[in-house]
Amino acid sequence: MSDLYTIDPMLAKDAHIDRAHYKTLYHESIEQPEAFWNKVSQRLEWFKAPTKIKNVSYQLEDVHIRWFEDGELNASVNCLDRHLTLRGDKTALLFEPDAPDAPSSRITYRELYERVCQLGNALRHLGIEKGDRVTIYLPMIPDAVVAILACARIGAIHSVVFGGFAANSIADRVNDCGSKLIITADEGLRGGRKIPLKANVDAALKIHGTQSVETVLVVRHTGSTINMHTPRDRWFHDLVDIQATECAPERMNAEDSLFILYTSGSTGKPKGVLHTTGGYLVYTSYTHETVFDLRENDIYWCTADIGWITGHSYIVYGPLANGTTVLLFEGTPHYPTVSRFWEVIDKHHVTLFYTAPTAIRALMREGDTPVKKTSRKSLRLLGSVGEPINPEAWHWYYTIVGNGRCPIVDTWWQTETGGILITPLIGATDLKPGSVTLPFFGIRPALVDTNGQTLDGPAAGNLVLLDSWPGQMRTLYGDHQRFIDTYFRTYPNTYFTGDGCRRDADGYYWITGRVDDVINISGHRIGTAEIESTLVAHPKVAEAAVVGFPHPIKGQGIYAYVTLITGETPSEALHQELLTWVRKEIGAIAIPDHVQWASNLPKTRSGKIMRRILRKIAENAPDQLGDTSTLADPSIVDLLLNERLKH
């Protein structure tokens, strides 16, 4: 297997940005950031063009981040109105339902505009004003996009809660931001199962602290019988269908709040990441066009849920601001068969495909046949997002899914960053499997040691960012001090990402996992991601998760949870084979002290492995597991506890 995939000259010739252009623009973006971002901001339509481009301080006594602060615009106008003249009849949303035999549907930019205006008018009729918070708890259906853009149109701040979260999670988020209104559906559909969304909202609103909610709008999706509580609950369609199809957009200052999105897995009080209007929209639209080398006739599919930042930035705001045709998929990669993703790609002639390593590894586990039953000839670019992709999965994605002809953009970014920060550009960057490669324009990454000393050249350390970019979060909602303490206090005058990272001799960046996913063995620091990648590279291993546990001699030991590919069974011989494999690939220091076979791993509904829970199982501390309600399948925890090895 090659560890370097050089730029395809034909791709570079047609790409938006080639290598020379990247170097020129990157230099300009670092040396003259205000001039650079002023020019980029002109891609949007402003009521009042900004003249004050950047006003940022990372000083602990005065952390503030403001971009385009005297500009005025509206996000929904940029995603809808400005496309009506030339793209009014172009498909904005291609909706593919959960069930493959259910009809898919198309919504044009004009139809989406009219529906957003109708909901905007309905929200105003219900007393929602600029600055009010609206919670959106919907499945992956077109009305979720409508709800987001309708809030943006009237200046309401949306807080989307992932449709897999239960009542307590909804209540926490409603309570924290003081929502006046919730938009939900009778039920969701996912993998052939019904999700009781309205019932979850009802349960949430019985929890103390949710009394700010005055109205619940309910989309009739499955048609099942549900409880409606009058006068609080209203049917969405009854109210929205009668509204006018024109709705005057609110003039928003660039620094007016656009949305709050709560980070998953945080302990205690939820962390409400706040993004504002101008900088976020400039950054998401620019990164979407540039990273995906966007063309007018592309069919773009990001498989994330709208409840996560990837859905906000790269299903809704970035793509629609660019006038893209976006595929919206309600289902799962495994329903009704493991060929579903590839069948949907063929059905809708998808050209750009953006998914998570978790999905790639899960489908790789099923073998090549389900993929090869389909053609996927429409694809021209593949993307990866959400966590580091191990080289083995990268190669499979490239060779099998992309037929060895589609470059992969392995993108690194966070809820807090708003958009992609480190990524290849297909016409400018040679690819290394497992590396997120080089920084995007305006991004100044650096590596520091635990004392905050900058590490030059090839090195491994903590990833920090030395300067701001327009898409950066502005604060944590209602808790600016926590924002400062979380992101700026650890290494003063920098933004601390919380991620460990390695930089190689070519200046390429390799994300090694969260800093708390580093194991210190006898004074040697080793990233769990490196051990995991090595285990997954073994031909019989589908997935692996590695955590540290207290060791009486070494300080920390290595505990590995291993899921085998379909058809393989655990054995002592295979156990020894894996230990030998790790010794050969990394060295004796990385050999796991314990290997536990796991039929599945505990994951959040967004697909992230909950290593916090795996650590507690490894430590034999079941009473310290904490909240497991965000897991897709909490029963896995009991299974792992029961099978836990004694040590």
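Any Cβ shown, glycine's included, is placed from N, Cα and C.
Listed in Swiss-Prot:
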- Arg190, Gly191, Gly192, Arg193, Thr310, Ser522, Arg583: CoA binding site (BINDING)
- Gly386, Glu387, Pro388, Asp410, Thr411, Trp412, Trp413, Gln414, Thr415, Asp499, Arg514, Arg525: ATP binding site (BINDING)
- Val536, His538, Val541: Mg(2+) binding site (BINDING)
- Lys608: N6-acetyllysine (MOD_RES)
Reduced DSSP assignment, Arg514 (ATP binding site): strand
Whole-number Å value for how far Val541 (Mg(2+) binding site) lies from the residue listed as 'N6-acetyllysine' (Cα to Cα): 18
Binding-site residues listed as Thr310, Thr411, Thr415, least Cβ neighbours within 10 Å: Thr415
From binding-site residues Pro388, Trp413, Arg514, the one whose Cα lies nearest His538 (Mg(2+) binding site): Pro388
Winner by Cβ contact number (other Cβ atoms within 10 Å) across the binding-site residues Gly191, Gly192, Gly386, Pro388: Pro388
Close binding-site residues near Gly386 (ATP binding site), where close means Cα within 10 Å, chosen from Arg193, Thr310, Arg583: Thr310
Sequence-distant neighbours of Val541 (Mg(2+) binding site) in its chain (C-beta under 8 A, six or more apart): Leu535, Val562, Thr563, Leu564, Ile565, Leu578
Cβ-based neighbourhood (8 Å from the centroid) of the Mg(2+) site, residues Val536, His538, Val541 excluded: Glu392, Thr534, Leu535, Ala537, Pro539, Lys540, Ala542, Glu543, Ala544, Val562, Leu578
Val536 (Mg(2+) binding site) versus binding-site residues Gly192, Arg193, Thr415, Arg514, Arg583 - nearest by Cα: Arg583
List of residues, in chain order, with Cβ under 8 A from that of Arg190 (CoA binding site) and at least 6 apart: Asp98, Pro139, Gly163, Gly164, Glu330, Gly331, Thr332
Per DSSP, three-state class assigned to the residue listed as 'N6-acetyllysine': coil
By Cα-Cα distance, the member of binding-site residues Gly191, Gly192, Arg193, Thr310, Arg583 nearest Thr411 (ATP binding site): Thr310
Nonlocal neighbours by CB distance (under 8 Å) for Arg514 (ATP binding site), same chain, sequence gap 6 or more: Gly498, Asp499, Gly500, Arg611
Where Gly192 (CoA binding site) falls in three-state DSSP terms: coil
